[in-house]
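Following: one structure in structure tokens, then a few remarks.
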């Protein structure tokens, strides 16, 4: 993401002009734009025209509109963002108050104005504009006949390809059908890797599976690379890391990211940090349950006692339509930081973020037990807020 201009007043009102450059930047933008903001961007509008003979036709024109945002729709796999609202600035083609939907596009700038820029949103802009926060991990999660090729960016896990091939069982004395199907499966996975993984960007490619599937696949991959003199694969051989996963489904990626070998190799990535923080929370919940709580009310009480060591919070909570509720989460984050606690904002598009959402989206590891919280522990599991 490129920051073109930033003009925010002392009362935190103001506007920023940004240019999304990567598909992931559309996800950041989705987290920046909120109902009630004003958005100015270039868009296509269908307009009616009348010729000198009186015949009416229509054509599409590119114009710049400023909308008061009413609805936001994000397609995570296509990384497309549509913003619907009413026009609030005079325009040659669109009346004041008329509805329009702007589809924000990569490499086309937009200006976003807010009455209140909070700390969470401003921090996201900083992160989005930092070139170090780029996609740096790829993963092939597989079992016989099923594979998911994923990109793990700092903000989301993107499934780039799914490969499914029916593998017949081995029969006594006749394995040819099984072997042919397996080779066809491996070949499709290799093609998907070459099509979807940018080797000049990724630091590491995880190959995760149960049993010996990953070893057999990697043997096939590099035998074929030698046979076909595939320099791209051979030069990047050191980036491939084999780890265990219980299945070829996307959710098994979390197991791969938890592997100590992977964790040390990816220690500087946000995704690995999220996985470790959630893992630490579950361990604390199991071994010292009076120092691990989830649910907003419980966590707020722990914060009042200045007991929070690590706050785990889902980014989807900052997209809440109700301004007061959204502000409540922002205040919690600011307060934990002021009290020297660590704040981990989880992406709801990561496997770890999905798990945190099942725990109400907010959890905390405490520095020390808070007696009144321990007495109410039973309430947290039913708490939704």
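Using the three backbone atoms N, Cα and C, a Cβ is placed for every residue, glycine included.
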Worksheet entry | phosphoserine according to Swiss-Prot, picked from 52, 58, 374 | 374
Response to the item:
Checking 55, 381 against Swiss-Prot, the one recorded as phosphoserine is 381
Response to the item:
Per DSSP (helix/strand/coil reduction), residue 162 (SUMO2 cross-link) sits in strand
Practice prompt. Around the Cβ of residue 162 (SUMO2 cross-link), how many other Cβ atoms lie within 10 Å? Please give the count over every shown protein chain.
Written response: 14
